[in-house]
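Pulled from Swiss-Prot:
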ACT_SITE  E50  active site
ACT_SITE  D67  active site
DISULFID  C21-C141  disulfide bond
DISULFID  C45-C129  disulfide bond
DISULFID  C79-C94  disulfide bond
DISULFID  C90-C108  disulfide bond
DOMAIN    16-143  domain 'C-type lysozyme'
SIGNAL    1-15  signal peptide
Amino acid sequence: MRCLLLLLLVPVPGAKVFERCEWARLLKRNGMSNYRGISLADWVCLSQWESSYNTRATNRNTDGSTDYGIFQINSRWWCDNGQTPTSNACGISCSALLTDDVGAAIICAKHVVRDPNGIGAWVAWKRHCQGQDLSSYVAGCGV
């Protein structure tokens, strides 16, 4: 029983859920502001609608693929989850997109927007961000 109690007290790492401004500043530090003409506000909006800034977000799609991480990067095209047939255009394991170190996710997102679809590859961006006033996504963030 004592071992069980000790196991219950060991903290289990949870998802990193960024605050809006914390995420905006991190994106800026990583060269995402106006990357390929995409504003920082667009990236913050996209992340809000795709994952609510949650690094461990996953979503299963009707085609059997899965979206991973804060940018919800798809396993059919961009990463390898070992289950879905994939192009793995980012050359990474999908699990690398689920860590609190978002470096791999940012590099892969940059790769995605170099594709002809650009930021339009994200349905949530098209539905919620495209053509909108996005200033509120970076307001008060000092970016």
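Counting starts with 1 at the first residue shown.
Heads up, the Cβ atoms here are built off N, Cα and C, so glycines get one too.
Here the structure is a predicted model, which means the values were calculated and not measured.
Structure coloured by features recorded in Swiss-Prot.
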{"residue": "C21", "record": "disulfide bond", "Cβ contacts under 8 Å, 6 or more apart": "V138, G140, C141, G142, V143"}
{"residue": "C45", "record": "disulfide bond", "Cβ contacts under 8 Å, 6 or more apart": "W125, H128, C129, Q132, L134, Y137"}
{"residue": "E50", "record": "active site", "Cβ contacts under 8 Å, 6 or more apart": "A57, D67, I70, F71, Q72, W122, A124, W125"}
{"residue": "C79", "record": "disulfide bond", "Cβ contacts under 8 Å, 6 or more apart": "Y68, I73, T86, N88, C90, I92, S93, C94, A96, L97, C108"}
- Message: What's the number of neighbouring CB atoms sitting within 10 A of the CB on C108 (disulfide bond)?
- Response: 23
- Query: Where DSSP helix means H, G or I and strand means E or B, what are the helix, strand and coil counts for the domain 'C-type lysozyme' (16-143)?
  - Reply: 52 helix, 16 strand, 60 coil
- Query: Counting across all protein chains shown, how many other Cβ atoms sit within 10 Å of the Cβ of C90 (disulfide bond)?
  - Reply: 23
- Students should find that the Cβ of C129 (disulfide bond) has, within 10 Å, a number of other Cβ atoms equal to 22
- Note on the structure: Judged by other C-beta atoms within 10 Å of its C-beta, the most isolated of the disulfide-bonded residues C94, C141 is C141
- Task: Kindly state the mean pLDDT of the domain 'C-type lysozyme' (16-143) in the predicted structure.
- Result: 97
